[in-house]
Structure formats: structure tokens, C-alpha cells
Amino acid sequence: MVLEPKTLAAAMAREDLKETHQETPSHQVNGGHHEGTELTLFMDDKVSVNVVTKSKEKEPLMKTSSPTRRTTEMTRTKEERPTLESSSPAQKRLHTKKDSHIRSSSLTMTVVSCLAALNLGLIYAYPAVALARWEEAGVNHTTTEITWFASTPMVVSVVVSVVSGVVMESLGVRCGLLLCLPFLTLSWIMIAITHEFWVLLLARVIQGFVASMFMVAITVYPVEVSAVRWRGIMVGVSEAMVMLGAFFTYLAGLVLFPSTLAYTFVGVTVPQVFCFYFMRESPLWLTRQDRDDDAAVSLACLRGPGVDITWELEQIKANVYSERIQKPSASEQLLLLRKPVYLKPILLCVLVLLFKELTGQFAAMAYAVKIFQMAGSTLNPYWCAVVMGAVRFLPCFASWALIERVPRRVLLCSCMTIASFSLATLGAFLWFWSWSDEGLPASLGWIPLTCLSVFTLSFGSGIGPTSWTLVAELIPSQVRNVGAGIINSSFSLFLFLVGLTFPFAVEYLGVGAVYIVYSVCSLVGVIFVVTCLPETKGSTFDEIQIALDNKWNSNVV
């Protein structure tokens with residue numbers, strides 16, 4: 001008899017709970033919960049376990065309601081809780097005011113943490129401006145040096161991504177971000193003071209370590225500090241801040257040389273020190289560290305005055321306790337990956353990100369200025385890069401609404417089809433004019449910019465955010481830690497390979513042929529989404545697994 005993952009986890013949890021109740025001293029359960037606290041743990045749709053914990057005498061976190069009442073609040077169903085429709089006008093106004101404060105407090109902390117994402121945009125987009133400016137100033141680098149300068153942070157992330165999650169969990173997001181800032185500042189100073197390639201490469205290696213830590217922070221923190229109903233928007237802030245960093249780099253590159261631009265980025269890190277210092281740590285992380293008092297203070301600050309945090313705080317404690325009981329270790333998660341039910345979603349997540357990057361979006365970001373120079377466009381290549389940055393940044397806000405309203409597969413396929421068409425048009429146009437001795441006429445210089453802008457718009461509106469949403473929904477919770485490490489490392493590897501191969505491919509094939517290849521890869525990605533991916537919008541994990549098994553059984557992957 002084969003048990004479903006959630007049922008199996010529930011059965012294991014019940015056995016562990018029995019042993020814990022019999023063998024473990026009561027004051028050690030759940031890191032020392034307060035006397036009489038009753039935790040209701042939902043293992044699956046049919047099983048709930050009540051655990052009564054008693055601890056050594058100490059003052060309760062807050063004097064609000066009785067333990068029985070808190071347990072009742074935790075176990076009440078969604079239908080039983082008061083709704084806005086059944087409230088009086090005064091209660092509705094009060095609820096709206098509190099809800100607005102919760103959103104603004106969470107959004108403020110999310111934006112502060114996502115200043116790390118702004119730094120990622122600066123790191124990724126800097127080569128686009130610096131390489132072109134250095135070439136104009138007579139500072140020549142070989143093609144190999146150019147590719148390694150642009151791609152080194154990604155190849156470092158391939159290795160460091162697995163470790164960075166463990167480090168960030170030990171330090172906390174706040175301390176981790178503060179620790180990374182001095183190293184990031186040092187790397188920009190190294191780039192600003194010299195053109196020696198080995199110094200530039202060492203600086204980019206440091207930026208690769210920092211980028212790996214920042215990636216963990218912007219992935220975890222917005223989800224942990226935001227209320228459930230605002231999590232989609234909070235996660236989207238990270239993507240918007242990365243694109244804002246790239247847009248700022250292109251815009252500043254219009255008037256600043258690479259060394260001055262690097263010093264400007266040093267100045268950008270200064271206010272971040274103060275922002276990160278006063279940032280509230282995640283209540284979930286504090287609870288995992290058995291710092292219950294600090295977790296209550298942090299949650300109260302995030303939710304604002306007048307908001308009862310009792311139910312949410314107890315829910316956080318229950319989730320942490322449940323996680324400690326159920327969650328397999330790293331070695332156990334690796335063994336679980338031998339089973340198709342866990343391995344298939346991880347492979348699909350990796351392939352989703354592979355086809356996402358085979359559209360060539362990282363090459364367009366890292367080599368934006370040189371692409372327009374190679375295309376022979378008569379427009380100012382630096383202004384073209386600014387337009388691309390703006391077109392990439394603005395759709396981030398529209399994508400939040402699209403993801404919530406349009407099915408995942410429909411949105412992803414539509415945007416990848418548009419991207420494939422625009423890349424094919426650009427590639428065919430550039431390939432045709434590459435055979436002409438007269439070069440690209442001035443009257444047609446707008447065509448490369450238009451094609452790349454359409455591609456960038458489709459990527460920002462659907463391909464980028466939808467791909468990561470699918471990854472978050474497909475990865476099984478039982479292997480989330482190890483699976484996330486594999487997926488992040490694979491993603492960094494794909495970025496590195498695209499950035500490394502683009503200049504060499506242009507030398508051997510021509511820029512037009514390279515974009516035709518990217519167009520074909522996008523079209524293959526559409527076929528992959530249609531034939532292999534299940535629809536995940538509004539589905540539970542069990543429903544996704546059933547749909548995934550049906551897809552897997554009916555197709556050869």
C-alpha cells in the first residue's frame with residue numbers, strides 16, 4: 001500500500017508525537033511554550049493532533065485570552081470567523097484601517113529587505129555599460145575576459161547557492177544583509193580603482209558570494225513577514241527591485257564612466273546600512289531560534305497597533321513545531337529524491353528555468369549596449385539600453401495582476417510565443433542586413449530596439465514571474481530545502497552558460513543567427529509547457545501531484 005506524501009507525513013508525525021509525549025520532558029517541547037498552551041497541528045485534511053505543553057514558570061508573552069480561547073481561535077475554520085460582510089459599518093472601517101496598516105508595515109519591511117535585490121540589478125547590469133565604455137576608452141579585453149567578467153557572479157552562485165541558505169538561516173536575514181554590505185562595497189572599490197583583469201575578476205567573485213546571500217534573503221523574507229493575502233505582491237517587489245537596479249545602471253551609464261559609476265554604487269550601499277540595521281527580523285525565524293519574546297515584538301511591529309496578533313503568533317509556533325517533527329533531514333531529503341513523486345517536480349522546475357533562460361534574457365541584460373552596437377543600429381546604444389531597462393521594469397507591476405487572474409500555463413505560453421516571434425523577427429532582420437555591404441539604413445535603426453522591447457515586455461509580464469511562481473508551487477514541501485538548493489544552483493548555471501556563450505556565438509554565427517536560435521528555444525519551451533506542465537493556479541499540492549502524474553504518464557519527458 002502506497003501512502004500519499006501528506007498522509008505518510010501525518011502518520012510519521014503521529015508516531016513521533018507519541019514518543020515525544022512519553023519520553024520528552026514537558027518543558028522541552030516546542031522550545032519552551034508557555035504553561036497550558038495547546039497547539040493544534042494539522043497534518044493533513046483529516047488528521048489533527050492537540051499537544052498540551054507545560055513549561056517552567058515564566059511570565060506569558062501577552063495577557064490577552066485564555067489558552068482554551070487561543071486554541072479555539074486556531075482551530076476555527078475560515079467559514080466560522082467573522083467576515084466583513086457580516087460586520088457593522090464601524091467594524092468594516094476599523095478592519096480596513098487595520099488591514100491598510102498591516103499592508104503598509106509589511107510592504108515597508110519588504111522594500112527595505114529588497115534593497116538587496118536592487119544590488120543584484122546593479123551587479124548583473126554593470127557589465128553592459130562598463131564593457132562598452134572601456135572599449136571606447138581604449139581599454140581592450142579579450143572575448144574570454146569579457147565573458148568571464150560578465151558571468152563570474154553566476155558561476156560562483158552555482159556552488160555557493162547551496163551553502164548560502166544554511167548561512168542565512170544561522171545568522172538571520174538582518175545580520176546576513178549587514179554582513180554582506182562591507183564585502184559588496186569592497187568589490188565596487190576594487191572595480192573603480194583599476195582595470196587589471198585579475199582584480200576585476202576577484203571583485204566579481206566577491207559579488208557572486210554576496211549575490212547568493214542576497215538571493216536567499218529576497219526569496220525568504222518577504223514571504224515570512226507579510227500577511228497571507230499580500231504575499232503575492234510582496235514577492236513581486238523583489239523582481240521589480242532587481243529590474244529597478246538594472247534600469248538605474250543603464251540610466252547612470254549615459255553620463256558616468258565605469259569607475260565613477262562604481263563609486264556611485266559604493267554610495268548606494270551607505271543608506272542601506274541604516275535601513276538593514278533598523279529592519280525587523282522575521283517572526284518565523286525568531287521562533288525557529290526559540291526567541292518567542294522577540295518574535296512577538298517583531299510581529300506586533302509588523303502588524304501595527306491595535307491588531308490582535310495572538311492567533312497568528314500561535315499559528316507560527318504551531319507551524320515551527322510541526323516542521324521540527326515532520327521535516328526530513330538533508331540526507332533524508334536526498335533519499336526521497338529517488339522516488340518519482342519527489343524527483344519529477346524538481347526536474348520540471350529545472351526545465352522551466354532552463355527554457356526561461358534560453359530566451360536569452362540574461363544576455364540582453366548583461367550585453368545590452370554591445371548588442372545595439374553589434375546590430376549596427378543608428379540610435380544611441382546607451383539610450384536604447386535605458387529604454388530596455390524601463391520596459392523591463394514597468395511590466396513588473398502588471399505581472400502581479402496577470403498572475404492572479406490568468407492561468408499559469410496560458411500566461412507562460414502566450415508570453416513565450418510573443419517572445420519567440422519578436423526574437424525571430426529581430427534575428428531574421430539582422431541576418432538579412434549582415435549580408436549587405438551598405439549596412440543598416442538609418443531609417444530602420446528603430447527595428448532592433450522595437451523587437452527587443454517587445455521581447456523584454458513579454459518576459460517581464462509573464463515569462464519571468466510566472467516561471468518562478470510555477471517553481472514555488474511545484475516543489476514538494478518534503479524536499480523543499482534540498483530541492484531549492486538544486487534549483488537555485490541550476491538556475492545560476494544556466495545564467496552563467498548563457499552569459500559565457502553569447503559573445504563566442506556572435507563571433508562564430510553572427511548576432512542575427514544567435515537570436516534565431518533563442519527564438520527556436522522559446523518555441524520549444526512553449527511545447528514543453530503545453531505537454532509536460534500541469535496547471536497549478538488555485539490547486540492544492542495533492543491536486544498538482546495528480547495532474548503531474550497524469551501528464552507524466554501520457555507523455556515521454
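Just so you know, glycine gets a Cβ as well, placed from its N, Cα and C.
Feature annotation from TrEMBL assigns region 'Disordered' to 56-99. Under the heading compositional bias 'Basic and acidic residues', TrEMBL lists 70-83. Positions annotated as domain 'Major facilitator superfamily (MFS) profile' by TrEMBL: 105-537. Residues or ranges marked as transmembrane segment in TrEMBL: 107-126, 146-168, 175-193, 199-221, 233-255, 261-279, 346-368, 380-403, 410-433, 445-470, 482-506, 512-533.
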Distant-in-sequence neighbours of the transmembrane segment (445-470), which means Cβ under 8 A and at least six residues beyond its ends: 236, 239, 243, 349, 352-353, 356, 359, 361, 364, 371-372, 375, 377-379, 384, 387-388, 391-396, 398-400, 402-403, 408, 411-412, 414-416, 418-419, 422-423, 425-426, 429-430, 533, 536
Surrounding residues of the transmembrane segment (482-506) on its own chain - C-beta under 8 Å, 6+ positions past either end: 143, 146-148, 150-151, 154-155, 157-159, 161-162, 165, 212, 215, 330, 333-334, 337, 342, 345-346, 349-350, 353-354, 357-358, 360, 362-363, 366-367, 374, 471, 475-476, 514, 517
Who are the long-range neighbours of the transmembrane segment (199-221) in its own chain, taking Cβ under 8 Å and residues 6 or more past its ends? 109-110, 113-114, 116-117, 119-120, 123, 148-149, 152-157, 160-161, 163-165, 167-168, 173, 176-177, 180, 183-184, 186-188, 190-191, 238, 241, 282, 488, 492
Find the member of 261-279, 346-368, 380-403, 410-433, 512-533 that has more C-beta pairs under 8 Å to the transmembrane segment (233-255) than any other listed stretch. 380-403
For the transmembrane segment (146-168), out of 261-279, 346-368, 380-403, 410-433, most C-beta pairs under 8 A are with 346-368
Positions on the same chain near the transmembrane segment (410-433), where near means CB under 8 A and six or more residues out: 355, 359-360, 375-376, 402-403, 439-440, 444, 447-448, 451-452, 454-455, 458-459, 461-463, 466-467, 470, 510-520, 522-523, 525-526, 529-530
Across the domain 'Major facilitator superfamily (MFS) profile' (105-537), what is the average pLDDT of the model, as a whole number? 84
